[in-house]
Amino acid sequence: NCIVIRCLARLYAYFSFINIFGFFVLCPAGYPCALVYRRFLFYQPATVIHLFHTFSGLALAAFNFGSQIYHSAVCVLVQFLMLRLMGRTVTTVLSSFTFQMVYLLAGYYYTATGEYDIKWTMPHCVLTLKLVGLSFDYYDGGKEPSQLSSEQRIAALPSVPSLLEVCGFSYFYGGFLVGPQFTLRSYQKLVAGELSDCPGKPPNSVIPAMKRFALGFLCLVVYAIFSPYYADSYFLTDEYDAQPFWYRCVFILIWAKVILYKYVSCWVIAEGVCILSGLGYNGVVDGEHKWDACANMKVWRFETTPLFGGTISSFNINTNAWAARHVFKRLKFLGNKSLSHVATLLFLTFWHGLHSGYILCFSMEFFIITVERQALALVRDSPLLSKLANSTLYPLIYVVQQFLHWLFMGYPLVPFCLFTYDKWLKVYSSIYFCGHVFFLVAFLIMPYIRKVLVPKKERSETKQD
């Protein structure tokens with residue numbers, strides 16, 4: 001009985017947190033909103049649908065943040081005026097990017113503390129990407145199709161949207177509070193009733209949506225049960241410092257797995273809302289209707305991949321795709337992928353906030369991915385390592401690889417979650433900066449290992465490539 005009571009208490013505490021975050025609202029309100037749209041509004045004129053999406057999203061925002069919803073209203077209005085008055089110009093794109101990012105960063109500056117703050121800036125960072133992406137898509141709409149990539153052609157806007165259309169897009173209840181990112185063209189197709197496996201009728205998406213809700217709720221329960229045992233605050237206690245080195249490292253590994261379920265549950269349940277409304281419809285692949293257009297998580301890959309790159313590509317997918325489409329690929333003129341990668345991570349760093357922990361997290365991510373790519377190339381080019389990777393010993397290798405993978409996935413998450421210099425430095429000092437040491441040593445010795453394990457012919461071909 002005591003165990004049951006404790007579990008219920010943890011769930012209640014977590015739901016209290018979620019209630020502020022907007023997630024608790026998404027569960028009871030996001031799904032009914034989608035059902036109302038399907039049942040009563042699917043065949044209504046676009047104006048009615050835009051109004052419903054606008055006021056339902058505003059209601060969720062007002063419930064969570066009260067009068068502070070004026071911040072989003074200001075940015076939406078300014079964005080609309082930029083599109084109307086400045087037209088399809090580079091100046092519009094640069095002005096939009098500058099205004100929206102400066103407004104967000106100012107919000108971070110004036111509201112941030114050293115703790116995990118649940119304030120208007122959380123949904124606003126999602127809105128910032130939407131509005132900046134809107135300016136890019138409007139600009140692309142003025143180009144010849146031959147000048148655009150396939151992604152840009154799909155998202156390009158043929159005409160300037162109305163204010164009501166921009167509001168409906170911005171406040172759509174399935175993506176305003178926690179994402180995912182989607183384009184105005186996708187939203188327009190939703191309103192036009194085009195995102196359905198039954199043309200002209202509401203989509204058969206109830207079961208796919210409920211599956212995502214169930215999966216998200218399961219992740220929510222896992223987080224609610226285990227998070228009290230693996231709290232961020234434990235890192236800063238004398239008890240943590242008194243533990244053996246191996247224990248401190250293993251704690252980071254388990255803590256990382258648990259803490260990420262907070263985001264997994266959030267995005268998967270929000271995805272279910274988008275699927276239920278039809279926004280998640282992604283056409284037919286191999287004769288099967290797909291509902292993953294708004295997928296922000298590939299949960300199976302997230303749980304099973306032994307690669308850092310695999311985890312990153314399965315996590316916060318739509319935000320990463322947005323950054324790739326609007327930052328990384330548009331920096332092609334730099335002529336250097338590494339430089340474009342660094343610039344993209346720098347953008348994501350400041351988009352998350354102004355704490356030093358974000359800078360350390362994303363810089364460490366770049367370093368880890370660089371070393372992993374070198375290691376994968378080494379395994380591919382070395383006959384001995386390739387044979388070993390495909391041998392009967394692979395299950396054992398996989399276990400070791402997963403241990404290292406999650407240990408060092410948790411390592412950069414420490415400053416990401418602790419935010420400030422004094423906190424993350426204390427933790428890193430207690431584990432002797434083992435992640436930095438491990439990857440620095442790996443980076444330095446990798447060329448010498450290649451010389452030993454990779455035949456000279458393969459080394460020459462790699463250099464030529």
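Each residue, glycine too, has its Cβ placed from N, Cα and C.
Keep in mind that this is a model prediction, so the values were computed, not measured.
According to TrEMBL, the feature transmembrane segment maps to residues 391-409, out of the candidate ranges 68-86, 391-409.
The feature transmembrane segment, as given by TrEMBL for the ranges 118-135, 316-333, 334-351, sits at 334-351. Long-range contacts of the transmembrane segment (334-351) within the same chain: residues 101, 104-105, 125, 128-129, 319, 323-324, 327-328, 358-359, 361-363, 365-366, each at least 6 residues beyond the stretch ends and with a Cβ under 8 Å from a Cβ of the stretch. Listed by sequence, the residues of this chain that lie at least six past the ends of the transmembrane segment (429-449) yet keep a Cβ under 8 A from its Cβ atoms are 240-241, 245, 248-249, 252, 364, 367-368, 370-371, 374-375, 378, 408, 411-412.
Sequence-distant contacts of the transmembrane segment (391-409), counting only residues of its own chain at least 6 positions beyond either end whose CB sits under 8 Å from a CB of the stretch, comprise 249-250, 252-253, 256-257, 305-308, 311, 368, 435, 438-439.
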